[in-house]
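Q: TrEMBL feature annotations, pasted as is:
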| type | residues | note |
| --- | --- | --- |
| DOMAIN | 28-136 | domain 'CBM2' |
| REGION | 254-294 | region 'Disordered' |
Amino acid sequence: MRSLLRWAALLAAGISTAGLVVVGGNGAAVAVPACTVDYVPNQWSDGFTADVTVTNRAAPVSQWELSWTFPGNQAVISGWGAEVRQTGAKVVATSLAWNGSLATGASARFGFQAGYQGANDAPVDFAFNGVSCNEDAPTTTTTTTTTTTGNLPVDCTTATVCDDFEAHSGSTPGAPWTVGAANCTGTGRVSVDSSVAHSGSKSVRVDGKAGYCNHIFFGAPLSGSVVHGRFYVRHTTALPAAHVTFLAMKDTSDNNRDLRMGGQGTKLQWNRESDDATLPEQSPQGLAQSPPLPTGEWNCVRFSLDNGKLTTYLGQQEIAGLKVDGVPTPDIDRQWLNRQGWRPTVTDIRLGWESYGDGSDTLWYDDVAFGPSPIAC
Ligand code: CA
């Protein structure tokens with residue numbers, strides 16, 4: 001009965017009901033849901049990806065938000081096809097510029113990666129632009145107040161080093177970048193590439209090969225004890241169990257040894273060259289607090305190094321296991337802080353690939369920015 005009453009109210013109000021109500025076979029008006037959601041998780045022991053298709057059953061929209069609440073401790077790490085943000089158990093996925101417009105009956109598809117412990121039950125309270133998908137289609141056109149985050153390809157307002165690589169006409173990136181490898185060289189390669197790009201038509205491709213002497217980086221000068229970084233990286237092969245590095249910064253406070261970001265135990269990690277300390281610790285509990293780096297898509301990685309404190313984000317999600325906060329935490333930064341007064345002062349930033357045994361990968365970097373102020377994804 002509710003739908004009939006609503007139908008009558010709509011007619012009285014003179015509101016267009018196109019797409020909101022369908023007429024049943026007996027001539028009576030029957031309501032349709034405001035939205036339908038197809039939620040397909042693909043999970044492993046402590047994480048999952050979800051493929052989400054949302055269909056707009058109400059009036060056309062020019063942008064959308066799909067929200068839900070996780071029933072457990074699921075924590076979003078990164079998203080694609082939407083800006084996926086989590087606050088507590090609530091998640092809001094916001095359309096991007098290219099998939100915000102949805103006619104009645106049209107669908108958008110996006111996905112995300114998340115971690116969890118224990119059960120991974122699916123959410124049941126999906127809402128589309130604030131209207132529950134369990135409800136009938138809304139009686140009025142929803143006005144959205146969504147603000148897209150911009151996702152600017154390059155945020156160069158404060159950065160010291162900032163590059164979308166569009167201006168590089170050579171086969172390798174030119175100034176301010178230098179391509180090279182310390183101590184020995186082999187089959188690693190760096191090239192400006194037009195086959196894949198996060199912005200525009202160019203990125204930097206790194207053909208990273210196993211074995212230390214095949215390491216290769218493209219680097220630029222960067223100095224300070226406060227360094228914020230943001231880069232987009234797309235790679236091909238999952239991070240291996242062995243230790244690998246894809247970002248390095250020379251630390252003059254550590255005898256010019258490198259502070260390195262990369263992977264170990266298949267998860268993202270930081271590593272200190274001088275004593276091989278890792279962040280998180282390589283315990284199961286430590287590894288559970290850092291994600292893998294998803295393959296085959298652009299990942300926004302950012303970090304803040306600030307006078308001996310370090311925070312790291314994958315997309316909008318801060319990574320608990322990649323944090324040095326000055327207070328030794330078992331499985332995270334206890335080993336790291338065994339070195340008293342750790343306070344790096346870096347003099348460069350290098351992106352590329354360095355393996356110490358196993359581990360080869362093909363990576364692309366784009367829209368990189370490094371400087372003294374925070375830089376967003
Ligand atoms: Ca580019």
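Glycine is treated like the rest: Cβ placed from N, Cα and C.
What's the neighbourhood like for these features in this structure?
A: Sequence-distant contacts of the region 'Disordered' (254-294) (same chain, six or more residues past either end, CB-CB distance under 8 Å): 46-47, 49, 77-78, 113, 115, 117, 233, 235, 238-248, 301, 303, 305, 310, 312, 314, 319-324, 330-336, 338-339, 344, 346-347, 354, 359.
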Q: Can you count helix, strand and coil residues in the domain 'CBM2' (28-136) using DSSP?
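A: Helix, strand, coil within the domain 'CBM2' (28-136): 0 helix, 61 strand, 48 coil.
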Q: Summarise the region 'Disordered' (254-294) as counts of helix, strand and coil residues per DSSP.
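A: DSSP composition of the region 'Disordered' (254-294): 5 helix, 17 strand, 19 coil.
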